[in-house]
Amino acid sequence: MADQPIVLGIETSCDETGIGIVRGHTLLADTIASSMEEHARFGGVVPEVASRAHLDAMIPTVESALAKAGLRVTDIDAIAVTAGPGLAGALLVGVAAAKAYALGLGVPLYGVNHLAAHVAVDQLEHGPLPKPCLAMLVSGGHSSLLLVPDVAKEVISLGSTVDDAAGEAFDKVARVLGLPFPGGPHIDRAARDGSGTAIAFPRGKADDGTLDFSFSGLKTAVARYVEKNGGSLSLPDVAASFQEAVVDVLTRKALAACAKHDVHDLLIGGGVAANSRLRALAQERCDAAGVRLRVPRPGLCTDNGAMVAALGANLLEAGVAPSQLTIPADSSLPITTIHV
Ligand code: KG4
Ligand code: ZN
């Protein structure tokens with residue numbers, strides 16, 4: 001095992017400066033500096049503030065990851081970096097740093113897709129990915145169902161949101177309820193004291209036969225409900241009923257995708273995969289359908305550098321040629337492009 005390559009992963013697609021180090025598929029360090037507090041008062045991530053924070057955090061975060069792993073920078077065999085999708089300026093900081101490390105150390109560079117990295121990270125916790133597996137990625141920026149024959153070689157998009165991402169819906173509804181940003185964890189917590197069946201909120205696109213999602217109608221329905229019932233509403237019931245509507249549709253569509261493509265392994269990733277009700281309902285429905293469920297621990301579901309390093313290790317293992325030092329940051333990199 002000791003001779004497996006050591007990969008350093010750099011993630012800067014949003015507000016987290018994530019640095020991860022793996023040896024093969026063993027996690028050695030996962031260090032994160034977040035600029036979330038600087039964005040909270042704006043109710044969302046401010047791209048320029050995020051870019052500057054990445055610049056300040058980059059070198060200290062790399063150094064703390066190396067210290068945690070007990071390594072020197074010269075021990076690194078390859079650099080992997082999120083090349084997209086994400087915020088253009090934020091991505092640019094990570095890509096520039098990755099090129100500098102790769103050039104300075106004389107090691108290969110792998111520019112990778114953020115979404116494929118969310119899939120690859122699960123190997124660090126639960127071992128090799130089944131081929132194929134079905135992946136549902138739910139975060140503040142994306143809600144997608146993917147068929148993954150091999151995360152190093154082929155990722156196929158089966159469906160995605162037609163409007164808001166699942167995490168975006170959590171954040172917007174939290175705002176309507178007067179809860180802080182990012183709203184997901186606060187709704188999750190508030191919902192524990194409420195009933196998921198108290199209010200019948202709409203399940204957009206639930207039965208339309210597609211593998212796409214829609215959450216903007218639900219968001220509007222919650223806003224209308226709050227407007228109408230202002231003083232007398234039960235916040236825990238609204239939170240729980242909203243959350244139930246989201247996770248009901250997510251799990252229904254994920255299992256429909258498994259059935260349609262005859263896949264028996266479902267992986268859920270992205271920040272919303274930290275949601276306790278989503279984890280519980282997905283487990284219940286997977287058990288009933290004979291599908292094995294894999295969900296990384298919450299710290300690996302939200303954006304981090306370990307996921308990027310994990311995908312880099314897959315690419316090395318598969319003998320994929322490294323990226324050119326001229327690669328761009330691509331804010332709208334399609335999910336089917338695993339590396340650039
Ligand atoms: O993957 P992530 O860290 O960043 C993006 O790439 O967007 O996901 C962040 C999103 C936010 O919308 C946040 O509210 C949501 O994940 N989130 C949750 C929970 N924890 C984070 N949503 C629901 N329940 C949670 N426990
Ligand atoms: Zn993400």
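Residue numbers in this text run from 1 along the chain shown.
The backbone N, Cα and C atoms fix where each Cβ goes, and this holds for glycine too.
Now, the feature entries from TrEMBL:
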DOMAIN    27-309  domain 'Gcp-like'
BINDING   His114, His118, Asp303  Fe cation binding site
BINDING   Leu137, Val138, Ser139, Gly140, Gly141, Asp171, Gly184, Asp188, Asn275  substrate binding site
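Between Asn275 (substrate binding site) and Asp303 (Fe cation binding site), the C-alpha separation comes to 15 Å.
Between the binding-site residues Gly141, Gly184, Gly184 has the most other Cβ atoms inside 10 Å of its own Cβ, all protein chains included. Counting only residues at least six positions away in the same chain, the Cβ atoms of Glu11, Ser13, Cys14, Glu16, Gly18, His114, Ser139, Gly271 sit under 8 Å from the Cβ of Asp303 (Fe cation binding site). When the binding-site residues His114, His118, Leu137 are checked against ligand 1, none has a Cβ within less than 6 Å of one of its atoms. When the binding-site residues Leu137, Gly184, Asn275 are checked against ligand 2, none has a Cβ within less than 6 Å of one of its atoms. A Cα-Cα distance of 7 Å separates Leu137 (substrate binding site) from His118 (Fe cation binding site).
Considering other CB atoms within 10 Å as the measure, the emptiest surroundings among the binding-site residues Ser139, Asn275 are those of Ser139. Apart from His114, His118, Asp303, the residues listed for Fe cation, the same chain places the Cβ atoms of Glu11, Ser13, Thr82, Leu115, Ala117, Leu137, Ser139, Gly269, Gly270, Asn304, Met307, Val308 within 8 Å of the centroid of those Cβ atoms.
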